[in-house]
Every structure is written in C-alpha cells, then in structure tokens.
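Going by TrEMBL, these are the annotated features:
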- 70-94: transmembrane segment (TRANSMEM)
- 106-129: transmembrane segment (TRANSMEM)
- 149-168: transmembrane segment (TRANSMEM)
- 180-199: transmembrane segment (TRANSMEM)
- 211-239: transmembrane segment (TRANSMEM)
- 251-273: transmembrane segment (TRANSMEM)
C-alpha cells in the first residue's frame, strides 16, 4: 500500500508540473508517464494492481485541480495509463543491461519498445479528442506519438541510470581542482543553451548539441543522462512558452511534430554515444581485471600489443 501511495503522489506531482506548462490544448512538457514507467522498472515489486490504480488516481487528481471535469480527467488518466502500461510491459522484457544503457544498442532497443507505447497512447488520445473535443483524430494520431516519445526520451534515461545518492556523494566530493577542471563541458553547454535563446530561429534547437556531445565524451553515463534531461526539459518549456521563437507557426501539426522529433534526437544522440563509451569502459575494466589475475594475458598483449584493443571492440559488436 505504501508503494501505491508513493506512485500516486509521484504521478500527481509530475502531472501538476506538466499541466502548468500547458498552452491552448496541449502541454509543452509531460514528465508523468516517464516517471511512472521509470519507478516501476527500478522497483519491479511495484508493478501490481494497487500501484496502477494509484497512478490512475494521481492523474485524475491533477486534472481535477486544474478544473477539468471528472469524465475528462478520467479519460485523460486512462489514456496515460494505457501508454505507460504498454511501455512498462515491453521494457520489462529487455535485459537489465539494456535498461541501464550498458549495451551498445541499448538506446535503440529502448526506442523500439517506446514507439508502440506511444502509438497505443495516441489511439486512446485520438478517441479522447474526438469524443470530448470533437477534434480531428488524424491530427491527434500525428502529434500525440511525437509528444509521448520526446518526453520519454528526455526523462526515462535519467530515471533508469541516475543513482541520486551517488550523485549527491560526488557533488560533495567535487571541491578538488581536478573536479573543477571537469566543469568545462557543463559551462559550454550552459553557454550554448543561452545562445539558443538569444539567436532564436529554426536552427536554435541544435545549439546545445556540441555541448551535450562533449558531456557524453567527458562525463559518466548518469551525468550525461541528467544533462540531457535538463536541456530537453528546458527546451520543451521554452518552445512551448514562446521564450525561443522558431519563426514557424506552431499551431500547424506538422510543425509541432517536427520540433518535438528534433528535440527527441537532440537528447538521443548524446545518450547513444555515452552508452557506447560506458560499454567501452566496462569492457576495458574487465580486461584489466583479467590481466591482473591471469598471467597469460600480459604475455599475449606483449606478443600482439593491439590484441587488448581489438578484444573490447569485438565484444562491443557482439553486445
């Protein structure tokens, strides 16, 4: 019961955050579904009927706070639960290393599980738009999956990889000159995000990409996932609230889809690179450990100096 209450509270708060970013019909940022899926994947004992009921009530409570009718709140809640349930069922089938982004193709495998979940939510959302608002189902089927996907890609990797206690410990130990020297990529990322708000336009979405790529090459996977989450969240909010002017009519569904997919790729590329870097580091660590415990391996390395480099590459391809 405590777990179900925790899920309900988390969904309620995340939904309030999402609803506070709404403009016109849709919301700019919707973290609730990804947070729900992330919590259920991190603690699989929570995947039960009370937890899903708690999530449903959390969605409904947030909608009621924002003045929606009970029937509309229930319809929105059911739509979100269908999408999150589909994503959870599919992602639970993946290897734990994939969920931790510790395999070369982990991001692609997660993406393959998220796409059906996004369309499942979109079908329910299209029915909602038709029944409750007498709107266009075709437009909903076009814009809803893109919105679901970008929010999952922004939030879910951080939910799956970041150990918050470990992050706090590292921050508390980051007073050394070495640690201060590693702030370069983060500073560059902040400057590039600020530049996007000054030199706004269609290309401004790509401004943070070099900074994110630099973070992926320098920082650990959890830090990169957290950086991508913060940048993606900021951009969705700023685009939705008009802080960044794309110079395009965002009332056109095609434009909405284009921008959301662009933000999805913005966060997906550095995550893919960081995942590959993490795999490489893990394999090199295993090789060093094996070399320390097996006297034959150093001999093999002396015989062929490049053998220790080829082995991780072969293992990465097999992963």
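Even glycines carry a Cβ here, placed using N, Cα and C.
These figures come from a predicted structure and were not determined experimentally.
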Tally Cβ pairs under 8 Å between the transmembrane segment (70-94) and each listed stretch (106-129, 180-199, 251-273), then give the stretch with the top tally.
106-129
Hey, which bits of the same chain come close to the transmembrane segment (180-199), Cβ under 8 Å, at least six residues off its ends?
174, 205, 207-208, 210-212, 214-215, 217-219, 227, 231, 234-235, 238, 243-244
